[in-house]
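Here the structure comes first, spelled out in structure tokens, and everything after it is commentary.
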Amino acid sequence: MADENQEIGGIHFPFPFPPYPIQKDFMAELYKVLEGGKIGIFESPTGTGKSLSLICGALSWLRDFEKKKLQAEALLLAPGSGPPSSEKNSLLTSSSCQEPTDTPRPAGEPDWVTEFVQKKEERDLVERLREEQVRRRKREERLKEVCQDGRLRFAAKRTKHEEEETEALLRLSREMLDAGTGPEQLEQLECGEEHLVLAEYESDEERRGSRVDEAEDDLEEEHITKIYYCSRTHSQLAQFVREVLKSPFGKETRLVSLGSRQTLCVNEDVKNLGSVQLMNDRCVDMQRSKREKNGTGEDKPKRKRQKIQTSCPFYNHEQMELLRDEILLEVKDMEQLVALGKEARACPYYGSRFAIPAAQLVVLPYPMLLHAATRQAAGIRLQGQVVIIDEAHNLIDTITNIHSTEVNGSQLCQAHSQLLQYMERYRKRLKAKNLMYIKQILYLLEKFVAVLGGNVKQNPTTQSLSQTGSELKSINDFLFQSQVDNINLFKVQRYLEKSMLSRKLFGFTECFGVVLPSLSDSQENRGLAGFQQFLKSLQSGPTEDSPEEGQAVALRPASPLMHIEAFLAALTTANQDGRVIVNRQGSVGQSSLKFLLLNPAVHFAQVVKECRAVVIAGGTMQPMSDFREQLLACSGVEAGRVVEFSCGHVIPPDNILPLIICSGPSNQQLEFTYQRRELPQMVEETGRILCNLCNVVPGGVVCFLPSYEYLRQVHAHWDKTGLLTRLSVRKKIFQEPKRASQVEQVLMAYSKCIMSCSHSEGHLTGALLLSVVGGKMSEGINFSDDLGRCVVMVGMPYPNIKSPELQEKMAYLNQTLPRTQGQPLPGTVLIENLCMKAINQSIGRAIRHQRDFASIVLLDHRYARPSILAKLPAWIRDRVEVKATFGPAFAAVRKFHREKSHPSLV
């Protein structure tokens, strides 16, 4: 279909087809938010073309911004012409990633000084713009050249032979080293063990002034103004990239897809490690060894371990720069990026990072944007940029979960044992500073286990605890109780990050996790043999048959220190922004320490502070008050900077029938509170309602219940009373599985049943899917057309108010957020909002496109309360009908589906 060029308010928005009116409104409002540097909360129901509205609206703004910038640059750089002051200021504040340089002058400063400073600022601006111009021209020429001659593939073939020769030389060198040549030998180590020893550590203070930073700043070019788009899953990001390709901007946009090493790594040895943390550490370790080998080392004698380390064959700067250019030439998804990296023998993970500065649109998953350390490691610079966070209905929970972490007693004891054995093994080779930090970490681990009531010298699985239960503490109280308040956790965290101790420890367990005959015979290694036995006792899962004598036993325990690092980092959070939950169970191994983040705004504040504009978008964003109060206001965003936009649905008003039913067929009032929902009469009334609905609704009926446990109880009761048999007459019954791996299988069977019923004349008219609010079926699954002709919500899924985490969060909000006169406490509002967000996300599964139709049935009289109605999505709220009794409700459902399924009979 030919592209449409829509003009809205004097702005041209290219669009692949005539947009809906709500899409026009969406794009116009989005353009205003980006132009004005605002924070926008956008709600556009699924099925209304939200992705295309975001793409065409945002990229239209970027197109116009770049044009204005080029025009202003030309004006400023024209010989003999000076731009007006306002234009100069505009350039200064909007130039890519540059902080405004205009600073207020001191009062009473002489005019000639002020004039001199202003002229210098103008000269600096002109110089910077000239440099940007040169870089832009070089980039355009480079991309044009790559497009014309296909250098990348040619270069890959040319260098392959050279790399094979290099690898052969490396093998020869390793064989020579394994023979034990060289004057420096403190003691004989096992083959390949040298790289496990920590290098000499320098703190930040010692490094200061000698630029030994790991970041390769000299390789980075200036970041142009761009849009960062992030979503929850890789499948959602892939779908977004496909939408960009289909849009009028698909051929001209420089788009980069970012992902984790788990997604983009092409080195099979690294991929086989499995864990993302292990892959990250191994990758960085290989880069370090490459830098060590490339260094001159003339001023220092090279240590043996530096010579035997291997580097990644895909980490080749020349090849990665060529891969970067290929990425920028045309839009590519993750699969294409990986395939191109393999063909070019260049790392897609780093190739995509190299492409960030020149990219116009960067597509990335949530953690890469919302976690500061990950963001920094990826080379993402937010200063002056635009961020769009899609599928953001759970944004607050996502930030909280990313920065909350838990470690159990087994992990703490295992890490202590591993680290102690490591220190004893390499004590003579470790420098004093390394030993100091290792002893501090051992002390921390010992004290954390003691807080749980255990002893690191004993097996955690057999240490029983006399006192059990959960205890919630402030960060400072926890540190005092643990007797570790005198340790600088910031320095320990930095040491772990820079020394890569976790990675060394993992290599150590890999090396000595295999029982070799020599180990049991050697006096030196008896301690390690005991260490192996301890590790075996901590392994989870079924016990395998014992191997025959002399046979190696393969143990691959990943060092839990990697996991504990995140917990230590969390403990550096400000005291008021987090809590530590000490959870004591039957044994030390089952007990745990959990860090709970209370204030997600502390991590979101940097994003909104640095960015030019931020857009938070989703299909169901109601209630929006959480975003305003918990996230934006607490991040220091002024109310005047926040813009809210919510549009209706594209479906005709008569294609949806939302009903609130207050009582059932036997006049039993529907109130599914925690105290009443398990009563036999309530469970039976629910079954009777579903039986009636299934008799008149064609295709699929999706029924959401508050929890898996309640679903199990209801299903068992219906089976016992015969209600399940009555339901099965019209609908085949499916249940949502707890295991995520089984969801796809159940969905396929559910869909297949409905399709087969639509082509048959039997009694079976479709299927009933019993699902759980907050489960896999309530998010990301589309029940379009016959798959979801009726969505039933049983009760109101309030969260467990007895949860210590939730109680602490409520107390925190009551203490920190202002309370409006006559309104409930912020903590009470939180409970209601969590419930309504889950409901809105679930009932939004039914309507997926303009010609779709469905009935939405809310079973609970509490839905009729004005405060609850106000938090439903506007497109549902405006059409909802409250039915006090079941008879009129049933008649309305029957009439609706008869008219929609058989319009010719009406």
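Counting starts with 1 at the first residue shown.
Placement of Cβ uses the backbone N, Cα and C atoms for every residue, glycine included.
The feature motif 'DEAH box', as given by Swiss-Prot for the ranges 390-393, 646-649, 734-737, sits at 390-393. Gly49 (ATP binding site) has a Cβ environment of 23 other Cβ atoms inside 10 Å. Figure note: comparing Cβ neighbours within 10 Å for the binding-site residues Pro45, Gly47, the maximum is reached by Pro45. Across the fold, the C-alpha of Cys312 ([4Fe-4S] cluster binding site) and the C-alpha of Lys50 (ATP binding site) stand 41 Å from each other. Assigned with DSSP, the residues of the motif 'DEAH box' (390-393) fall into helix, strand and coil as follows: 2 helix, 0 strand, 2 coil.
In the structure as shown, the Cβ atom of Lys50 (ATP binding site) sits within 10 Å of 23 other Cβ atoms. When secondary structure is read from DSSP and collapsed to three states, Gly49 (ATP binding site) falls in the coil class. Recorded residues Cys283 ([4Fe-4S] cluster binding site) and Ser260 (phosphoserine) have their alpha carbons 12 Å apart, per Cα-Cα distance. Using a 10 angstroms CA-CA radius around Lys50 (ATP binding site), none of the recorded positions in Ser260, Cys265, Cys347 qualify.
Minimal Cβ crowding within 10 Å, among the binding-site residues Ser44, Thr48, Ser51, is found at Ser51. Taking each Cβ in turn and tallying the other Cβ atoms within 10 Å, the top scorer among the binding-site residues Cys283, Cys347 is Cys347.
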